[in-house]
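**Student:** Sharing the features that TrEMBL gives for it:
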- 12-36: transmembrane segment (TRANSMEM)
- 42-64: transmembrane segment (TRANSMEM)
- 137-156: transmembrane segment (TRANSMEM)
- 162-184: transmembrane segment (TRANSMEM)
- 211-233: transmembrane segment (TRANSMEM)
- 239-258: transmembrane segment (TRANSMEM)
- 278-298: transmembrane segment (TRANSMEM)
- 304-331: transmembrane segment (TRANSMEM)
- 343-362: transmembrane segment (TRANSMEM)
Amino acid sequence: MNSLVRATPKALIALNVLSDALATSFLAASIGFLVLDRSTVHPGLSMSLVGAFLFLGIVLSFPVGALGDRWGTRRVLMAVQVVQVAVYLAMFFSSGYTFVIVLAAAFGLGRVVSPLRGALPPRYIDKQELIGFKSRLRTWTLTVALLGSALVPIVLRFETRLYLAVAFVGMVAYLACYSATYLLRGEGASGQPGEHRARVPMGLQAGDWGIWWLLVGGFLIVGIAGALLPFVVAGFGPGYAWLLFASSVLGIVVNDAVRRLISRVTSPDGRVAYPLKLIAVAYLTGIGSVGFFLFLLTSSVAPAVILLGFLVGSLLGTVGEVLNVVVAWDVQYSVGNESRRTSIVALFSLTSSLGGSVGQLVSGRIYSAAVD
């Protein structure tokens with residue numbers, strides 16, 4: 001905890017991640033209510049637009065990453081964060097179809113900035129500290145995401161225009177991100193930013209690429225469940241907005257429980273044992289989560305059934321997501337050529353971005369088929 005609150009590279013990186021988590025979680029939890037209140041665009045089309053912009057963000061992340069290698073990650077990251085502030089500012093003045101485009105752009109920019117921000121820890125933090133730092137930071141990230149979800153029912157309870165709150169929180173959060181990035185100076189623990197990378201192959205084996213593709217599929221499935229979740233809640237009305245908060249609490253509990261379980265099945269060399277079995281469980285729980293949410297979308301059921309179905313669906317989806325994340329972390333810090341570690345980390349971080357964006361696109365089709 002102390003390493004996260006002092007004005008050190010760790011603290012600045014943590015501020016970057018946590019500020020983004022607050023803005024993103026608030027936006028993601030609000031999107032169902034925002035689309036239904038602020039736009040006449042069909043929710044299915046809205047989800048598809050968000051998915052399209054997420055995919056566009058992934059495509060743009062490659063040239064943006066190349067710019068980071070050439071001009072410095074920190075400098076390019078600050079430029080993107082200025083654009084993020086501008087997008088949230090635009091929410092104050094947009095409505096209808098334009099409002100949905102602005103929302104989708106906010107999600108897309110999150111994917112553009114992800115590889116840049118993800119490249120910071122290996123450059124400022126010693127390798128032996130990375131896993132411990134990321135594990136602690138994930139717990140804090142989930143806690144902040146809980147706050148973001150809790151803001152939705154609070155804002156609705158006081159009958160404040162939700163889009164104004166989302167825009168304000170987003171602007172403040174990304175101004176904090178920009179400030180934290182600006183204060184990151186020096187070469188860090190791993191040498192010069194960007195330009196220090198050796199021009200050598202990443203050294204990944206066929207099995208490593210196989211796990212990469214399996215992770216993309218796993219994140220795709222839980223991405224569908226995650227995209228459906230806020231629209232399931234919004235469909236039941238503002239009185240059920242507290243379920244968004246409950247799902248975030250559940251996420252923190254499940255993350256800690258799975259982390260403790262995984263620590264008991266770690267091999268002597270520090271690697272996670274049975275990664276393929278963990279991915280298989282992630283697939284099954286993700287599919288189960290999607291099934292429960294589709295049941296809630298297509299059925300008229302009693303409040304008790306709504307509560308039970310939503311909690312079980314959220315539980316299964318969270319387990320699938322955490323298992324995918326654990327395997328991705330294990331692989332990205334263990335395989336390949338050590339001199340290309342940053343590139344390998346960025347590559348495996350892409351599994352969640354790619355799977356999540358395609359899952360968002362697919363969820364739009366599924367939602368339209370389920371409710372129309």
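Glycine too: its Cβ is placed from the backbone N, Cα and C atoms.
Buried or exposed, and what's around them? Tell me for each listed feature.
**Tutor:** Counting residues 6+ beyond its ends, the transmembrane segment (137-156) has Cβ neighbours under 8 Å at 4, 13-14, 17-18, 21-30, 33, 162, 165, 169, 238, 241-242, 244-245, 247-249, 251-252, 255-256, 325 in the same chain.
Sequence-distant contacts of the transmembrane segment (162-184) (same chain, at least 6 residues past either end, Cβ-Cβ under 8 Å): 7, 9, 12-13, 15-16, 19-20, 22-23, 26-27, 30, 33-34, 37-38, 74, 77-78, 81-82, 84-85, 87-89, 91-92, 99, 106, 120, 124, 148, 151-152, 155-156.
Long-range contacts of the transmembrane segment (211-233) within the same chain: residues 28-33, 43, 47, 50-51, 204, 240-241, 243-244, 247, 275-276, 279, 282-283, 286-287, 289-290, 293-294, 296-297, 310, 313-314, 316-317, 320-321, 323-324, 327-328, 331, 347-348, 351-352, 354-360, 362-364, 366-367, each at least 6 residues beyond the stretch ends and with a Cβ under 8 Å from a Cβ of the stretch.
Residues 25, 29, 33, 138-139, 142-143, 145-146, 148-150, 152-153, 156, 229-230, 233, 306-307, 310-311, 314-315, 318-319, 322-323, 326 of the same chain lie 6+ residues outside the transmembrane segment (239-258) yet bring a C-beta within less than 8 angstroms of a C-beta in it.
With a cut-off of 8 Å between Cβ atoms, the residues of this chain six or more beyond the transmembrane segment (278-298) that come close are 211, 214-215, 217-218, 221-222, 224-225, 228-229, 231-232, 235, 262, 272, 306, 309-310, 312-317, 319-321, 323-324, 326-327, 366-367, 370-371.
Among residues of the same chain six or more beyond the transmembrane segment (343-362), those with a C-beta under 8 A of the stretch's C-beta atoms are 47-48, 50-52, 54-55, 57-58, 61, 65, 111, 114-115, 118-119, 122, 197, 202, 204, 212, 215-224, 226-227, 324-325, 328, 331-333, 335-337.
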